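Heads up: the structure comes next, in structure tokens.
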Ligand code: 2RA
């Protein structure tokens, strides 16, 4: 399989290479792609160095799969050019997610909707993926009426500049700011930009992408997305109003039986999901499962996952694995 990784030098791109190697994705030829200024430089994959290609050369090479994590503008411009030469694009930007002609895929939930005709496939936003993976079995079993989500997001979701800002602040140094405020000893209630309605793009992604992936526009969703000085993964407090009565033990059983989900939940032993545990792992970790006694048929839970892995790179690679396993590329 000839595979291009577009944005290979970025934070997510580097994790994509790591995950492709860990999962021994059947690559016969790797084509790393990055910005013009990086062409000719090297990236490492399976302890070997690979030269970074230009976008034009990568398109001309006609890879079967191109996994993008290079920002929306690059995806909008170049994903169609790859598709034109027969490449199937798996794109981690927000460019195609809400396009009605494109599929928004979490493999464990809706990969079965994919066909050979899907030449540009959207990878959902990180904070959406970890949440919907846990919500999907609950929606199937009980129907979800409403979700109230508060996120506590890793600075790795913003990128290298944010990590450097925190490191500088730890060291008491001045440096380039990824955020309008210090992130050290702070919590910034603004992930991405604000829209007219007072919500941030990140919060609206949770609303719109959840409804698209679960294929149910009737699910009421509201979210508050907060950036905190953490690097291991995104954490989310989720209040779930179900369509009918439930038993807590059944919720745990359903989640335990869900591929890609690990229930970590025992207050007696202080066992619950945390970014320091989730970092570097591919699962979505769910804990603090407990009835919301303030409202009928409602349950609270805490969901943590490494946003660079299942929230981005691993989910994208799993889409690629599904395509290969089902003869769609
Ligand atoms: C963030 N989900 O965390 C967004 C993009 N990675 O900033």
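The backbone N, Cα and C atoms fix where each Cβ goes, glycine too.
Just so you know, the Cβ of residue 126 (active site, acyl-thioester intermediate) picks up 29 other Cβ atoms within 10 Å once every protein chain is counted. Look at TrEMBL and you will find 126 tagged as active site, acyl-thioester intermediate.
Summarising the annotation, TrEMBL assigns active site, proton acceptor to 234. If you take the C-beta of residue 234 (active site, proton acceptor) and look for same-chain residues 6 or more apart in sequence within under 8 angstroms, you find 126, 127, 130, 151, 152, 153, 154, 157, 275, 304, 305, 307, 311.
DSSP assigns residue 9 (NADP(+) binding site) to coil in the three-state reduction, outside any helix or strand. Close to residue 9 (NADP(+) binding site) in the fold, though at least 6 residues off in sequence, lie 32, 34, 35, 38, 41, 43, 52, each with a CB less than 8 Å from its CB. Feature annotation from TrEMBL assigns NADP(+) binding site to 9, 10, 11, 12, 37, 38, 307.
Annotated phosphate binding site per TrEMBL: 97, in sequence order. Note on residue 97 (phosphate binding site): other Cβ atoms within 10 Å of its Cβ, all shown chains, come to 23.
As annotated by TrEMBL, substrate binding site applies to 153, 227. Sequence-distant neighbours of residue 227 (substrate binding site) (same chain, 6+ residues apart, CB-CB distance under 8 A): 153, 155, 157, 158, 179, 183, 187, 188, 189, 190, 191. The secondary structure of residue 227 (substrate binding site), as reduced to three states from DSSP, is extended strand.
Annotation comment: TrEMBL describes 2-117 as domain 'Semialdehyde dehydrogenase NAD-binding'. With DSSP classes pooled into helix, strand and coil, the tally for the domain 'Semialdehyde dehydrogenase NAD-binding' (2-117) is 41 helix, 29 strand, 46 coil.
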When you rank 10, 12, 37 by Cα distance to residue 97 (phosphate binding site), which of the binding-site residues ends up on top as the closest?
12
Local backbone state of residue 307 (NADP(+) binding site), from DSSP in three classes
coil
Taking the Cβ of residue 38 (NADP(+) binding site) as the centre, count every other Cβ atom within 10 Å, in any protein chain shown.
16
Cβ atoms near residue 12 (NADP(+) binding site) (within 10 Å, other residues, all chains)
27
Position of peak Cβ density within 10 Å, selected from the binding-site residues 153, 307
307
Secondary structure of residue 126 (active site, acyl-thioester intermediate) (DSSP, helix/strand/coil)
helix
